[in-house]
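For reference, TrEMBL has these:
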type     : residues                                                       : note
ACT_SITE : Asp289                                                         : active site
BINDING  : Gln107, Lys123, Thr222, Leu223, Trp224, Leu225, Glu294, Asp309 : ATP binding site
BINDING  : Asp142, Asp309                                                 : Mn(2+) binding site
DOMAIN   : 188-395                                                        : domain 'FAM20 C-terminal'
Amino acid sequence: MKLKQRVVLLAILLVIFIFTKVFLIDNLDTSAANREDQRAFHRMMASLRVELDPRLDHTLQSPWEIAAQWVVPREVYPEETPELGAVMHAMTTKKIIKADVGYKGTQLKALLILEGGQKVVFKPKRYARDYVVEGEPYAGYDRHNAEVAAFHLDRILGFRRAPLVVGRFVNLRTEIKPVATEQLLGTFMTVGNNTCFYGKCYYCRETEPACADGDIMEGSVTLWLPDVWPLQKHRHPWGRTYREGKLARWEYDESYCDAVKKTSPYDSGPRLLDIIDTAIFDYLIGNADRHHYESFQDDEGASMLILLDNAKSFGNPALDERSILAPLYQCCIIRVSTWNRLNYLKNGVLKSALKTAMSHDPISPVLSDPHLDALDQRLLSILATVKQCTDQFGPDIVLVEDRMTLSHL
């Protein structure tokens, strides 16, 4: 064989060898990642029930110190949290030492300080479980039970980007009024035999108070994130205009995602994939009201999109607002880990998992059955949307491998 032919043959063999090696390594890596996704799913399912137990393994630390140490740029709490039940037990039982009007916003809430100095946000019950909120998908008052359900869904999806939430009953007369600021106390009233308050917020009205059953008010408490992690607010690129007859650009521009990909922080890093995850999360819970979102300050797009304020959810189980999924079907990309988790949750697993996860909450049952059924139906719509994308662009383009190392040092 001539030298030139040998060189050509060796070059061909080298190309085949490199291609085979890369192909095998890629497949092995993908397979290993998929196996880890499956193991993570089984770990999550095994720890679904969170029994509210005051006992702590680390007796030298308060539950508030433990929860504060969990927070890192990409997670609010870690995958394995044996102390979660103790922290949530403290949230629902610790003495309230101060009560004030809620931080600025459109909806009624109260800011409570619990024994040990921990801040929590209290959202009162406004609707019965089976009440259906009519109108726009963002209509109506905040739903306290939606906050509880959204937190547990965040656990189930493996995002771990929502602050801890648990249900709580408070006695307005004995627990709140004695420690309330003058500003909050001035909004209290009695309607019939019920103690009520209307607080201070953009839509708070004396004519629309939240009322307890006698003195006992049901609500949710959300754990305040540690002050060492200041938040930065961002306008959501797929936010609505909230003006009748005026559409946002994403509602009429089919190439809108291409424009988003050219702007910071969506042109690099994990933020755009976080937006996609959040769209999936919001579609499942029926939240069409995420006009802004928060991340940690000065993060340059590297920290997570924090799933704060999920109370405009679970309003109407019969309404599937497909426009919530616009980031997914316009960009046609999704994390492989998110895709795997969604597939593990089909065939009724999602409904069952969420029901189990919420079963130990003090305000259980948290959701009515129609809302639980709606979750499974919406999941099918998400899977169908991703399939349309893969059919059009191929799985190599749509399914994005993005697993960021998380540090809990």
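Placed from the backbone N, Cα and C atoms, the Cβ positions cover glycine too.
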Exercise. Per residue, counting other C-beta atoms within 10 angstroms of the C-beta, which of the binding-site residues Gln107, Thr222 reaches the highest number?
Worked result: Thr222
Problem set entry | Densest Cβ neighbourhood among Leu223, Leu225 (binding-site residues), 10 Å radius | Leu223
Seminar exercise, completed: CB contacts under 8 angstroms to Lys123 (ATP binding site), restricted to the same chain and 6+ apart in sequence, sorted by sequence, are Gln107, Leu108, Lys109, Asp142, His144, Glu147, Gly219, Ser220, Thr222, Ala311
For this session: Rounded to whole angstrom, what's the largest C-alpha distance between any two of Gln107, Lys123, Thr222, Leu223, Trp224, Leu225, Glu294, Asp309, listed as binding ATP?
Result: 19
Exercise. Between Leu225 (ATP binding site) and the residue listed as 'active site', what C-alpha distance do you get in Å?
Worked result: 21
Exercise. Just counting, how many other CB atoms are there within 10 A of the CB of Asp142 (Mn(2+) binding site)?
Worked result: 25
For this session: Round to a whole number and give the Cα-to-Cα distance in Å for the pair Leu223 (ATP binding site) and Asp289 (active site).
Result: 21
Seminar exercise, completed: Asp289 (active site), Cβ-centred 10 Å count of other Cβ atoms over all protein chains shown, is 24
For this session: May I ask for the distance between Asp289 (active site) and Asp309 (ATP binding site), taken between their Cα atoms and rounded to an integer number of Å?
Result: 9
Problem set entry | Rounded mean pLDDT for the residues that make up the domain 'FAM20 C-terminal' (188-395) | 96
Exercise. Including all protein chains shown, what's the count of other C-beta atoms within 10 A of the C-beta of Asp309 (ATP binding site)?
Worked result: 25
Seminar exercise, completed: Glu294 (ATP binding site) has its Cβ surrounded, within 10 angstroms, by a count of other Cβ atoms equal to 18
For this session: Could you tally the C-beta atoms, other than its own, that fall within 10 angstroms of the C-beta of Trp224 (ATP binding site)?
Result: 20
